[in-house]
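Asks: The ATP binding site feature in TrEMBL is assigned to GLY10, PHE11, SER12, ALA13, CYS14, GLY15, LYS16, SER17, SER18. Here TrEMBL flags 6-221 as domain 'Cytidylate kinase'.
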Amino acid sequence: MRKIIIAIDGFSACGKSSTAKMVANKLGFNYIDSGAMYRAVTYYFIEHYINPSNPKEVEKALDKIDISFIFNEKLGFSETYLNGSNVEGHIRKMEVTQRVSEISALPVVRRRLVDQQRKLGKKRGIVMDGRDIGTNVFPDAELKIFMVADLTVRAGRRQKELLEKDQLVGLPEIKENLKKRDKIDSEREENPLRKAKDAYEIDSSYLTLEEQVEKVLQLATEKMIIHNE
Ligand code: CDP
Ligand code: CDP
């Protein structure tokens with residue numbers, strides 16, 4: 001069957017990456033977490049005290065950043081590497097989460113990462129999740145999903161995840177962060193978070209992850225049949 005591109009966009013903690021990973025595994029596609037790339041850049045900026053409002057400093061820093069994904073056989077999915085080091089344990093921490101939308105709004109950062117994302121998707125047969133995949137990175141993706149969910153449900157999911165990594169963060173702080181990121185991500189000038197006209201909206205508030213994956217798989221199968229004809 002034809003190898004298609006599946007773009008999954010939407011707000012934080014709607015289940016984009018969990019769904020994308022499971023759909024990719026089921027279809028034998030590659031999964032690419034575009035948010036991890038923005039997080040890796042943010043982590044580098046924090047570690048190297050890069051001033052985001054100094055364009056020269058930002059350009060110089062970007063020249064030194066190499067992001068790659070390496071498949072972990074044991075886990076069954078790819079992990080993010082920054083200049084050769086596995087940074088999965090660092091990039092999901094609150095200190096990165098607090099800064100990532102500000103850094104992601106910089107046009108020069110977006111252009112670099114979007115170029116790399118397009119190269120990664122060249123052979124098709126991929127599932128990529130993020131904020132601008134269906135609208136900007138792959139406007140020709142055969143299947144576009146836009147995920148939404150209730151803010152309180154999303155915050156609860158994120159808190160549970162952080163607790164599993166021994167990070168105790170209060171619900172008000174998580175909610176505040178989600179609201180702030182939603183706002184910056186939706187209002188930035190360069191490639192804001194938007195639902196593509198041809199995207200299918202899924203509200204995951206009252207869906208289990210399995211139900212959500214099933215919905216995307218059904219749509220993907222339909223698209224693969226249509227595009228194979
Ligand atoms: O996992 P979560 O939904 O919290 O976020 P993520 O997918 O890891 O993305 C982190 C941040 O990166 C988002 O809040 C956006 O600011 C930025 N991002 C973006 O601007 N464009 C993308 N394609 C993906 C992420
Ligand atoms: O990528 P995104 O930020 O949209 O969300 P995620 O990281 O895939 O999901 C955040 C958390 O919500 C994960 O622990 C998922 O297992 C959980 N989740 C859930 O409990 N029910 C859903 N329908 C979707 C996600």
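Every residue, even glycine, has its Cβ placed from backbone N, Cα and C.
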Asks: Three states by DSSP: which one describes CYS14 (ATP binding site)?
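Replies: In the DSSP reduction, CYS14 (ATP binding site) maps to coil.
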Asks: Residues other than GLY10, PHE11, SER12, ALA13, CYS14, GLY15, LYS16, SER17, SER18 within 8 Å, Cβ to Cβ centroid, of the ATP site?
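Replies: The surrounding set, listed in chain order, is THR19, ASP129, MET147, ALA149, ARG154, SER204.
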Asks: Can you go through the binding-site residues GLY10, SER12, CYS14 and pick out those with a C-beta less than 6 angstroms from ligand 1?
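Replies: Only SER12 meet the Cβ criterion.
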Asks: Averaged over the domain 'Cytidylate kinase' (6-221), what pLDDT does the predicted model reach?
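Replies: Across the residues of the domain 'Cytidylate kinase' (6-221) the model's pLDDT averages 96 on the 0 to 100 scale.
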Asks: What is the Cβ neighbour count of GLY10 (ATP binding site) at a 10 Å cut-off, with all protein chains included?
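Replies: A 10 Å sphere around the Cβ of GLY10 (ATP binding site) contains 26 other Cβ atoms.
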Asks: Name the residue among the binding-site residues SER12, SER18 whose Cβ has the smallest number of other Cβ atoms within 10 Å.
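Replies: Per-residue Cβ counts within 10 Å for the binding-site residues SER12, SER18 bottom out at SER18.
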Asks: Please report the number of other Cβ atoms within 10 Å of the Cβ of CYS14 (ATP binding site).
Replies: 27
